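Q: Please see the structure below; I have some questions.
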Amino acid sequence: MQDQYILALDQGTTSSRAMLFDRLGNIVSTAQKEFQQIYPRPGWVEHDPQEIWSTQAGVAAEAVTRAGMNGTSIAAIGITNQRETTIVWDRETGHPIYNAIVWQDRRTADFCDQLKEQGLEEKVRAKTGLPIDSYFSATKIRWILDNVEGAREKARQGRLAFGTVDSWLVWNFTKGGLHVTDVTNASRTMLFNIHSLKWDDELLEALDIPRSMLPEVRASSEVYGPTKTTVFASKIPLAGIAGDQHAALFGQMCTESGMVKNTYGTGCFLVMNTGDKPIESKNNLVTTIAWQIGDQINYALEGSIFIGGAVVQWLRDGLGIIKNAAEIETLARSVSHSDGVYLVPAFAGLGAPHWNARARGTLFGVTRGTSSAHIARAALDSIAYQSLDVLKAMEADSGIRIGELRVDGGACANNLLMQFQADILGVDAVRPKVAETTALGAAYLAGLAVGYWKDVDELQSQWKLDRRFTPALPHAEVKQCLDGWQRAIRAAKAWADTP
């Protein structure tokens, strides 16, 4: 197997990507293609499932061709994907009966309120680890059944299949031969019992969703079956599946209980490995499955922040104080601190651990001496402060003191932000050499399943440090910063609560 590689497919919200990895975890080739975002009404977000498939199949073939290889050079394929996005298709024709309803879509918010009024919230959280929210797949499936003509009847006949994006890709790669998902994607549907590791009949009944629609749930690392499409001339084992944040946690080698990663993207996703036991959150975090390898289940706590790197886009597009995202570090570095200015970027409400949908963006501490540099500094600081709030909630829920924070995503390239994150956390922020941790995690899961890599210990030895940011800010200054942030958060909530 010396000349073989692992192909990772990373199907995201705005683009489909493919990457080839070698035995040392290095990227050999990559391909990417964006696809259309569909907004039929305010608050609705859809994708064309056929375009998801065609772009993903296209970049898979392109990545292999670019490397001068063919299918025989690929030892296995791993899939990672945007989570919760819901596709329902006809088993007989293989055609979707409606567009994919994307995780961001809010059309079922009123129905979620009805479920809460029926007293289901506590039961759903106890079984699935999730709150009732339109973010997750369950109410999206229900909407399709209720609003697409003939869907209920076809579902009763057993003709309809539901899947998250991973299931849809596997179905197409195997020409309808496999209807499967993995435990991580199942754990984001609001229908999967994370304790029994089975679809929950009580929740299916409450939501009036036929069990016959659902995929078989498998481990995150196992051989599901071979490809059967013309994308590759040879049959390649499909051998790893994980939702994007779960794959990133594994790609960061956060394999021990208490290890945490933060992905700094448009928003921020913080995930903590909690070992073999699910921890029920008392601090508005989500309990989820990190991954399953063999019979071993790892659980996780997750907190999502709505506005992370997006605050930099706002400085560029909304305020016009920078021309491109790369300028923010230079501008923010031109002052030694924010001079008492705090930005709470609640442009779409506050996410974990506050969960305040009515909160709006607020800027505090502004004086005549406030400059664009101070606002830029406050914007960067806000990403670190919000991450701190989630990490403190994780520590409170788990009883584990975080030893270090592993970082990835676009904004982790900003050294000023990473240093401030370490300063206010009081622990090191650690950036890996391979920034593509999501795709790498999918590759690792697939490679383990086919013996390309021996075990997790071998993978641990591959994790390479790019830079370690060590806390350097004096304790008194950290306290002053955090006191100011807490005042700003309280004021933002007060603004939201004032009619």
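Including glycine, each Cβ sits where the backbone N, Cα and C put it.
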Q: Among Thr266, Thr274, Thr367, Thr370, which residue does Swiss-Prot annotate as binding ATP together with Thr13, Thr14, Ser15, Gly309, Gln313, Gly410?
A: Thr266
Q: Looking at Swiss-Prot, which one out of Tyr39, Tyr135, Tyr224, Tyr264 binds glycerol in the same site as Arg83, Glu84, Asp244, Gln245?
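A: Record check against Swiss-Prot: glycerol site with Arg83, Glu84, Asp244, Gln245, extra candidate from Tyr39, Tyr135, Tyr224, Tyr264 is Tyr135.
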Q: When DSSP states are folded down to helix, strand and coil, where does Arg17 (ADP binding site) land?
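A: Once the DSSP labels are grouped into three classes, Arg17 (ADP binding site) ends up as strand.
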Q: Roughly how many Å separate the Cα of Thr266 (ATP binding site) from that of Gln245 (glycerol binding site), to the nearest whole number?
A: 14
Q: So which binding-site residues out of Ser15, Gln245, Gly410 end up within 10 angstroms of Arg83 (sn-glycerol 3-phosphate binding site), measuring C-alpha to C-alpha?
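A: So the list reads Gln245.
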Q: Using Cβ atoms only, which residues of the same chain lie under 8 Å from Arg17 (ADP binding site) while being at least 6 residues apart in sequence?
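A: In sequence order, the residues whose Cβ lies under 8 Å from that of Arg17 (ADP binding site) (at least 6 apart) are Leu9, Asp10, Gln11, Thr30, Ala31, Gln32, Lys33, Val59, Ala439.
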